[in-house]
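Chemist: If you scroll down you'll find the structure; I have some questions about it.
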Amino acid sequence: MGQEEELLRIAKKLEKMVARKKTEGALDLLKKLGSWQMSIQLLQTTRIGVAVNGVRKHCSNKEVVALAKVLIRNWKQLLDSPATPKGEKGEERVKAKKKEKGLDCSDWKPETSLSPPRKKRVEEPKDRRDSVDSKSSATSSPKRPSMERSNSSKSKAETPRTPSSPSSPTFAPSVCLLAPCYLTGDSVRDKCVEMLSAALKADDDYKDYGVNCDKMASEIEDHIYQELKSTDMKYRNRVRSRISNLKDPRNPGLRRNVLSGAISAGLIAKMTAEEMASDELRELRNAMTQEAIREHQMAKTGGTTTDLFQCSKCKKKNCTYNQVQTRSADEPMTTFVLCNECGNRWKFC
């Protein structure tokens, strides 16, 4: 077995150790690597440096980590040596071909400030690139100022892409159609005003009231913002609830009351979901509340103990029941049952 095949075998073993998080036997393999005469071509073809560096990062054995650092340091010195090995000449030939095609190595250098994670991922290939870059800098030093200027211009061009505040897909910045007098200077707030105005215009009847919907939406948004003092998630949820209720086709009375002035902008900005609900929904909620109160506040001691009913949860028959007239006199009585074992309640007529 040649040295290259043996290095590939050791590299696979080390990678498996790192993947399984079991580095027993890594010390013997590293000692074996330290006794060999290494070349740049072997480092490049076998990528043994990547495997050793992975052991160095994930192993908890101090002796293994120390030996891995020594090997990596020695191989770095080999890469940085003034003599030009065969592997480096091969890279120079590839570099020359790229230049003939109009490609520049500076276009893909990962050593700018825009890509720091790539430096941490793999150290051995980084060192190989460093040696190639040092070689190219010695032969083409007059081009360095222009390369630095291009890198600085790239970094300047990238800085405006960083968002100043978190944004949700609902309020993503887009072209705003509001009049300049209603713009706030904040893209999130402007988008909210635009969406509130669209909710007020959900039906064509807004024309009958002769109301400026953009102005009214701006006033509603301003009241919300003045109360919450930020455009965080609480602010956005407040705006969403106004929009959904104003656009609800089953609750047109709310939007008409806002358009007519019966509900002011300051009031709609603070109303709860229950207050904005339609009369039909309020009655349904009240009925459900009264039913729940009647079920859960029924006195336990006033019932009759029986074994005629079986609980659906605990499957036992230790129950107490009450019969109450919840509807008209000619309707059958409602039986409320309470399980004395698990507390489960149910009813039937």
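Positions of Cβ are set from backbone N, Cα and C atoms, glycine also.
Below are the features listed in Swiss-Prot for this protein:
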type	residues	note
REGION	80-170	region 'Disordered'
MOD_RES	Ser115	phosphoserine
COMPBIAS	134-144	compositional bias 'Low complexity'
MOD_RES	Ser141	phosphoserine
COMPBIAS	160-170	compositional bias 'Low complexity'
DOMAIN	188-304	domain 'TFIIS central'
ZN_FING	307-347	zinc finger
BINDING	Cys311, Cys314, Cys339, Cys342	Zn(2+) binding site
Chemist: Please list, in sequence order, every residue of the chain apart from Cys311, Cys314, Cys339, Cys342 whose Cβ lies within 8 Å of the Cβ centroid of the Zn(2+) site.
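Modeler: Going along the sequence, the neighbours come out as Ser312, Lys313, Lys315, Lys316, Asn318, Cys319, Asn340, Glu341, Gly343, Asn344.
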Chemist: Below 8 Å Cβ to Cβ and six or more residues apart, same chain only. Which residues does that give for Cys314 (Zn(2+) binding site)?
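Modeler: In sequence order, Cys339, Glu341, Cys342, Asn344 meet the Cβ cut-off.
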Chemist: Looking only at Cβ atoms, how many others are within 10 Å of the one on Cys339 (Zn(2+) binding site)?
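Modeler: Here the count is 21.
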Chemist: Have a look at the binding-site residues (Cys311, Cys342) and report the one with the fewest Cβ neighbours inside 10 Å.
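Modeler: Result for the binding-site residues Cys311, Cys342: minimum number of other Cβ atoms within 10 Å at Cys342.
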